[in-house]
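Worksheet: one structure, shown below.
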Amino acid sequence: MASRGTVSGAAAAALAMAFLLLLGIIGVCRGQLQVGFYSDSCPDAEDTVTAAVQDAAGNDPTILPALLRLQFHDCFVKGCDASVLIRSANNDAEVNNGKNQGLRGQDVVDAAKAQLEDQCPGVVSCADIIALAARDAVGMTGGPSFDVPTGRRDGLTSNLRDADVLPDAADSINVLRSSFAAAGLNDRDLVLLTAAHTVGTTACFFVKDRLYSFPLPGGGRGSDPSIPASFLTELKARCPPGDFNTRLALDRGSENAFDDSILRNIRSGLGVIASDAALAGSNATRALVDAYLGPSAGSFQQDFAAAMVRMGSIGAITGDDAGEIRDVCSSFNSN
């Protein structure tokens with residue numbers, strides 16, 4: 001079972017073939033997204049992004065899961081158009097929405113963009129840099145290596161209220177399934193993209209309601225009854241009342257490596273945030289979790305990579321007549 005990013009020659013060949021098929025489908029459906037989009041116009045573009053991610057991770061390895069979160073938060077709000085990078089003097093851009101609290105990685109994108117503007121001015125979009133940086137982050141944590149189709153353009157709007165559609169850490173399984181369906185994704189994508197929580201941490205702020213103010217079936221509030229007693233004691237010790245900032249591993253015992261441990265924890269009732277734990281509460285998503293820990297274990301990494309490509313294609317702006325290529329990722333072009 002592949003759990004640390006290593007695959008056999010046969011598995012690698014199968015992965016490559018699957019991606020050729022997948023990317024062919026995306027090419028038909030998305031028009032201008034294609035692997036190697038910058039091969040002529042900016043041939044070092046992808047290497048430049050990879051170097052920027054490596055430099056950032058060398059100083060702070062926690063930036064890698066942050067870059068995954070950055071792409072998710074960009075793509076789920078009106079598509080993968082880098083609107084989450086816009087900064088507003090009036091604090092009314094997407095990034096100012098409370099659901100984007102603690103979002104990081106923008107500086108890595110800015111650093112890559114600055115280098116790319118020196119190499120190939122006005123060519124590489126901020127939206128593509130986000131997608132490439134997230135891909136690199138997966139590989140650098142031991143996950144699969146995969147090709148990302150590029151050719152996105154940057155969006156022209158960024159509004160605080162648009163980010164209200166982002167899934168929340170406290171969402172029920174029905175809300176999560178609806179949110180993913182609205183984005184053109186299915187239950188398998190929900191399980192696979194949730195598995196990105198195999199790396200990284202969360203703050204007690206996103207756990208406190210499960211521990212102290214969860215709505216109880218008979219009325220009143222208390223601790224989420226689905227949390228095993230010993231795990232509840234552990235969480236409360238780490239997150240006492242009033243502590244919003246202590247960091248907890250999302251994948252208990254394996255937060256620094258890309259593997260299937262997050263799914264094992266979810267199945268065992270050890271999901272830290274409610275939205276992760278919710279996967280065990282639906283027959284459809286529970287069956288997928290069980291499959292990736294059983295008969296489909298060998299395809300987990302390949303399927304995760306495919307889900308990342310699908311997410312990265314949501315609402316992509318392509319073609320010269322829409323969007324723009326920003327000069328600076330945090331602001332719209334003035335012309």
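Even glycines carry a Cβ here, placed using N, Cα and C.
Over in TrEMBL, the protein carries these features:
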SIGNAL    1-31  signal peptide
DOMAIN    32-333  domain 'Plant heme peroxidase family profile'
DISULFID  Cys42-Cys120  disulfide bond
SITE      Arg69  site 'Transition state stabilizer'
ACT_SITE  His73  active site, proton acceptor
BINDING   Asp74, Val77, Gly79, Asp81, Ser83, Glu94  Ca(2+) 1 binding site
DISULFID  Cys75-Cys80  disulfide bond
DISULFID  Cys126-Cys329  disulfide bond
DISULFID  Cys204-Cys239  disulfide bond
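Shown on the structure are the features that TrEMBL records.
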| residue | record | Cβ neighbours (10 Å) |
| --- | --- | --- |
| Cys42 | disulfide bond | 17 |
| His73 | active site, proton acceptor | 22 |
| Asp74 | Ca(2+) 1 binding site | 31 |
| Val77 | Ca(2+) 1 binding site | 26 |
| Gly79 | Ca(2+) 1 binding site | 18 |
| Asp81 | Ca(2+) 1 binding site | 29 |
| Ser83 | Ca(2+) 1 binding site | 25 |
| Glu94 | Ca(2+) 1 binding site | 27 |
| Cys239 | disulfide bond | 23 |
| Cys329 | disulfide bond | 22 |
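Ranking the recorded positions Cys42, Arg69, His73, Cys239 by Cα distance from Gly79 (Ca(2+) 1 binding site) puts His73 first. Across the structure, Val77 (Ca(2+) 1 binding site) and Arg69 (site 'Transition state stabilizer') are spaced 13 Å apart at their Cα atoms. Within 10 Å of its Cβ, the residue among the disulfide-bonded residues Cys80, Cys120 with the fewest other Cβ atoms is Cys120. For the Ca(2+) 1 site, the Cβ centre of Asp74, Val77, Gly79, Asp81, Ser83, Glu94 serves as reference, and the other residues of the chain with Cβ at most 8 Å from it are Cys75, Phe76, Lys78, Cys80, Ala82, Val84, Gly155, Ser158, Asp162, Gly315. Around Cys126 (disulfide bond), the C-beta neighbours below 8 angstroms that are at least 6 residues distant in the chain are Ala82, Leu85, Val109, Lys113, Asp154, Arg326, Cys329. Cα to Cα, Cys239 (disulfide bond) and Asp74 (Ca(2+) 1 binding site) are separated by 29 Å. Annotation: no recorded positions among Cys42, Arg69, Cys120, Cys204 have CA atoms within 10 angstroms of the CA of Ser83 (Ca(2+) 1 binding site). Its Cβ taken as reference, Arg69 (site 'Transition state stabilizer') is surrounded by 19 other Cβ atoms within 10 Å in the chains shown. Sequence-distant contacts (6 or more apart, same chain, Cβ under 8 Å) of Cys204 (disulfide bond) comprise Arg238, Cys239, Asp243, Phe244, Asn245, Thr246, Arg247, Leu248.
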